[in-house]
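Noted in TrEMBL for the protein shown:
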type	residues	note
ACT_SITE	Y151	active site, proton donor
ACT_SITE	F438	active site, proton acceptor
BINDING	V110, T111, V112, R118, R119, G120, I121, A122, R123, T146, E147	acetyl-CoA binding site
DOMAIN	23-205	domain 'N-acetyltransferase'
Amino acid sequence: MTPIYLSAAVDALSAARLRENGLELRLVDTTDAAELGSWLQAEFRGFHEGEPSAEELAADLDGVTFRRTTGVWDATIAEPELPVATVSSWPMQLTVPGERSVEAWAVSSVTVAPTHRRRGIARALLEAELRTAAAAGVPLAMLTVTEATIYGRYGFGAATLTAPHTIDSRRARWIGPTPAGRVHFVSPANLLADGPAIVERMRLAVPGEVERWPLWWKKMLGLVEPTSASSRAIRTVRYDDENGVAQGFAVFSVRDKEDYPAGLTVKHLVAASDDAYAALWRFLVEIDLVGDITVPLRSVDEPLPWLFDDRRAAHKVDERDHLWLRILDLEGALEARRYSAPGSFVLEVADPLGFASGTVLVRVGDDGAARVSPADASADGIPRLSLTVNDLATIYLGGVRASVLHRAGRVAEGRPGDAQKVDAAFRSPVAPFTSIWF
Ligand SMILES: CC(=O)SCCNC(=O)CCNC(=O)[C@H](O)C(C)(C)COP(=O)(O)OP(=O)(O)OC[C@H]1O[C@@H](n2cnc3c(N)ncnc32)[C@H](O)[C@@H]1OP(=O)(O)O
């Protein structure tokens with residue numbers, strides 16, 4: 001049976017709004033290669049990529065059919081079969097504090113052709129996604145963003161931060177642990193078999209982490225166009241612990257080889273144990289003929305600098321928002337995670353789009369589980385915060401403190417000190433992080 005998220009009709013309100021402007025909002029039949037192929041071409045163009053190669057197109061035609069795929073068409077343009085806007089979505093598991101997983105509505109492929117920008121098309125698409133997700137009973141929507149200025153207006157808030165890192169290999173003398181396991185070179189095809197289980201073990205330990213899907217693995221490992229120069233440059237290693245169990249992997253390539261020392265880019269590194277983390281980084285920084293290492297997507301709270309004699313050998317080069325969350329069901333979202341301190345507090349949440357407004361009493365038990373109910377007069381006198389649904393999304397995974405948003409004038413306290421009391425409950429022992437783009 002087709003899952004409801006794929007078969008649900010296109011949102012009537014957004015379809016009507018676009019129709020008034022001569023545009024058609026429609027779901028793509030992902031079994032129709034011509035129609036999905038046109039949609040994919042529009043998506044590639046929307047992200048300023050060149051025309052997809054035959055291999056890329058074939059991989060996408062096969063690999064994105066699990067998504068709800070929506071387009072907007074304009075019958076008056078020169079080549080009307082190509083949509084002028086794209087979006088795709090699917091339910092995906094998101095880790096929340098307490099090593100728990102919750103279903104969230106992933107939104108991706110948001111593009112509007114430059115010929116049709118700033119006419120409200122993205123707004124129609126995003127609002128349609130939120131209404132469809134809420135109707136399907138999914139408590140949260142999420143996306144990884146190209147710009148920080150686009151999604152706040154739809155109630156999303158920045159929920160995980162990320163920091164690209166750089167390492168000066170020549171300066172990085174190892175003082176970290178020496179794990180008993182071994183690092184092995186393995187082929188990308190072998191990692192395709194071992195990688196998912198390693199990721200799944202790591203995923204529950206890190207709030208903000210998400211599931212992967214088969215096409216993501218193939219793209220990350222260079223298996224879609226294996227003969228291209230960038231794919232052939234990919235090297236893959238796996239760390240096996242002393243019992244021979246695979247606990248981590250790194251995907252990297254050496255660049256700038258015209259003159260040694262060369263540079264090395266770590267495309268992806270996943271460690272399901274501290275030993276795997278240490279062994280993989282030691283392996284990478286001790287590779288000969290390499291002078292510097294670039295790591296585009298890492299947590300803001302990496303142990304990395306502390307593994308070296310000179311901690312300045314590794315540092316963050318930036319810090320930016322990455323995963324944005326949108327709470328659609330206040331009770332469902334707040335009860336899905338676990339909290340770091342028992343106690344009660346009231347949240348007065350404003351949501352201009354109306355999905356998650358309300359004033360709720362959150363009672364956290366000794367086990368960290370929360371019971372959420374409408375707040376009444378009996379809740380007077382307990383810690384209270386008034387905030388937007390965006391800012392609730394920002395503190396939801398525990399990476400940003402309510403007291404910091406209070407100091408920024410974004411969150412109001414019932415009484416002085418209430419934000420710090422709420423901090424203690426929302427705090428996550430592990431910095432939230434999302435290690436992929438989707
Ligand atoms: C999850 C993801 O896929 S992230 C990827 C997002 N996509 C991209 O970055 C691809 C390149 N950009 C685009 O395709 C388009 O510019 C989009 C999708 C970002 C915006 O599409 P548009 O149809 O032009 O947006 P639309 O006209 O609906 O604008 C709605 C509102 O957003 C604002 N807005 C739109 N784009 C931007 C932007 N890039 N930065 C700031 N504000 C923006 C508009 O000003 C408008 O504001 P208002 O409601 O206050 O009047």
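Numbering starts at 1 and runs along the chain as displayed.
Any Cβ shown, glycine's included, is placed from N, Cα and C.
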Near the Cβ of V110 (acetyl-CoA binding site), how many other Cβ atoms are there if near means within 10 Å? 23
Among R123, Y151, F438, the recorded positions whose C-beta sits under 6 Å from ligand 1: R123
If you count Cβ atoms within 10 Å of each one, which of the active-site residues Y151, F438 comes out on top? Y151
For I121 (acetyl-CoA binding site): intrachain residues, at least 6 apart, with Cβ closer than 8 Å: L18, L23, V72, V84, A85, V112
Rounded to a whole angstrom, what is the C-alpha distance between Y151 (active site, proton donor) and R123 (acetyl-CoA binding site)? 9
What Cα-Cα separation, expressed in whole Å, is found between E147 (acetyl-CoA binding site) and F438 (active site, proton acceptor)? 14
Top Cα neighbour of F438 (active site, proton acceptor) in the set of binding-site residues V110, R119, R123: V110
Can you tell me how many other Cβ atoms are located within 10 Å of the Cβ belonging to V112 (acetyl-CoA binding site)? 23
Just counting, how many other CB atoms are there within 10 A of the CB of R119 (acetyl-CoA binding site)? 15
Tally every other Cβ atom lying within 10 Å of the Cβ atom of E147 (acetyl-CoA binding site). 7
Tell me whether F438 (active site, proton acceptor) sits in a helix, a strand or coil according to DSSP. coil
What does DSSP assign R123 (acetyl-CoA binding site), in three states? helix
Which value in Å gives the longest Cα to Cα span across the acetyl-CoA site residues V110, T111, V112, R118, R119, G120, I121, A122, R123, T146, E147 as recorded? 20
Residues that sit under 8 angstroms from R123 (acetyl-CoA binding site) by C-beta distance, when 6+ apart in the chain: R153, Y154
Model confidence over the domain 'N-acetyltransferase' (23-205) (mean pLDDT, whole number): 97
